[in-house]
Amino acid sequence: MHNDKDLSTWQTFRRLWPTIAPFKAGLIVAGVALILNAASDTFMLSLLKPLLDDGFGKTDRSVLMWMPLVVIGLMILRGITSYISSYCISWVSGKVVMTMRRRLFGHMMGMPVSFFDKQSTGTLLSRITYDSEQVASSSSGALITVVREGASIIGLFIMMFYYSWQLSIILIVLAPIVSIAIRVVSKRFRNISKNMQNTMGQVTTSAEQMLKGHKEVLIFGGQEVETKRFDKVSNRMRLQGMKMVSASSISDPIIQLIASLALAFVLYAASFPSVMDSLTAGTITVVFSSMIALMRPLKSLTNVNAQFQRGMAACQTLFTILDSEQEKDEGKRVIERATGDVEFRNVTFTYPGRDVPALRNINLKIPAGKTVALVGRSGSGKSTIASLITRFYDIDEGEILMDGHDLREYTLASLRNQVALVSQNVHLFNDTVANNIAYARTEQYSREQIEEAARMAYAMDFINKMDNGLDTVIGENGVLLSGGQRQRIAIARALLRDSPILILDEATSALDTESERAIQAALDELQKNRTSLVIAHRLSTIEKADEIVVVEDGVIVERGTHNDLLEHRGVYAQLHKMQFGQ
């Protein structure tokens, strides 16, 4: 078991390495800086031997005169190398994290809808944000610890000397000065942390919008828009992180410089005869100092494996997602605009992970330009039929045709470009009204075309009342709009899309009667000259359909016009009686 685990860890790191490799120049610079940093510590302690034996033992005042300058120089070198190593490692880490996040984001946008059916939004957001950040600990924190502390231990074990009680007084002198420095730096930390939290919220929001609006992204071809949006906020987060690292890295050298100045003062004061008489042997001081100095690197090395394993565990989680199969897009047929004929032939479909088919032996033909309505109780399979037209799921048996060709023959982008979707749960993006209407195609449509679509959707009345009209930002998922207003924005989006096939999935079921009347005219306008598949609970909205299909437990049980089905006195007539009491 232990060997298997080690092999798994090594394989994970080997797979992570290609992500780190492009930034290896930063690793090389950091490695050199870390070795110089550890060497400066070791050389600092090595100076205690000539200092105590020659400077104090033989009362050679010249040693005590130049030694403080050497000490200050070494501490400055240590501070500079510490800053360079921390900054370079964090630069590499930030690049690795951003690269992993972008890979995850892009991969998730290509995942099938069934993947999101089985995953919670919070879990996926955690993968993009927190788990990606954890990867940094395996590529940065562990490297810093092993190189710096390892070099320090090797040097310190060579030079063991004792510590003097006089030097311990330095801690008392340094305490108030260091506390002031920490207070100043902490204020800077707080300001940067607030900016980082705000930026992380933007990253999370961008990812959440893509995840919650995954169907809209797919159907409207918004992958590039969402990728650019996410790249922008992700890079902004990286820059904020570098500001935090810069402030953090400079704090240690400042405190160390303060300590070196205090130590230099003690060394200079030691040249006075009254002080020299009270000093012990140099070897005792050096050994004791080395022993104390060894405590920190030993403790760090003890914890480095746990740190490394956390990073590797995060890598394995992310690679599990990256290894998940994306949507199959094997079709070759590309079509500019379909006629709109849609036909289901003996279609059977089962949701992934379930045993009972959601649809069984479905045969349905929707002629171009006609309207077919699907009715039935909740869970009967109506929305499933709509989802199959856009290939959000692939069927088990049978075939679905568009203009006489199997849907699987078309490229996904070409197929979904033929379909406009208006559902009960409208997803709007935290953007302007205009950009929501022209989603993923803002450069393709003119301002006049956007306004015309909004007018035809009876949306300009409330849009004109907004502070900035079409340029008003509507908040996350259109939080500033009512249900009816959000639906009209969605209808305007579908009108502007001008696709030959229209799916209305419970488009008015969540609205009150007044709101439904307000958008019914817009829906009628939208359905003109389009192949329409309407899913509705309210039977009053589909009475004019060319054909009404009744679905029960995944099977078509009735079909016909409104009047024909009422005369048949079957399931549709019962549903109609339940709603209208007739």
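Each position is counted from 1, following the chain as shown.
Backbone N, Cα and C atoms are what each Cβ position is placed from, and that goes for glycine too.
Copied from Swiss-Prot, the annotated features are:
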BINDING   G376, R377, S378, G379, S380, G381, K382, S383  ATP binding site
DOMAIN    28-310  domain 'ABC transmembrane type-1'
DOMAIN    342-578  domain 'ABC transporter'
TRANSMEM  16-36  transmembrane segment
TRANSMEM  64-84  transmembrane segment
TRANSMEM  153-173  transmembrane segment
TRANSMEM  253-273  transmembrane segment
TRANSMEM  275-295  transmembrane segment
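Recorded features from Swiss-Prot, shown on the structure.
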residue	record	CB count, 10 Å
G376	ATP binding site	23
R377	ATP binding site	13
S378	ATP binding site	8
G379	ATP binding site	12
S380	ATP binding site	22
G381	ATP binding site	21
K382	ATP binding site	25
S383	ATP binding site	18
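Each residue in T384, V551 lies on the same chain as G376, R377, S378, G379, S380, G381, K382, S383 and has a C-beta within 8 Å of the C-beta centroid of that ATP site, without being one of the site residues. The average pLDDT the prediction assigns to the domain 'ABC transporter' (342-578) is 91.
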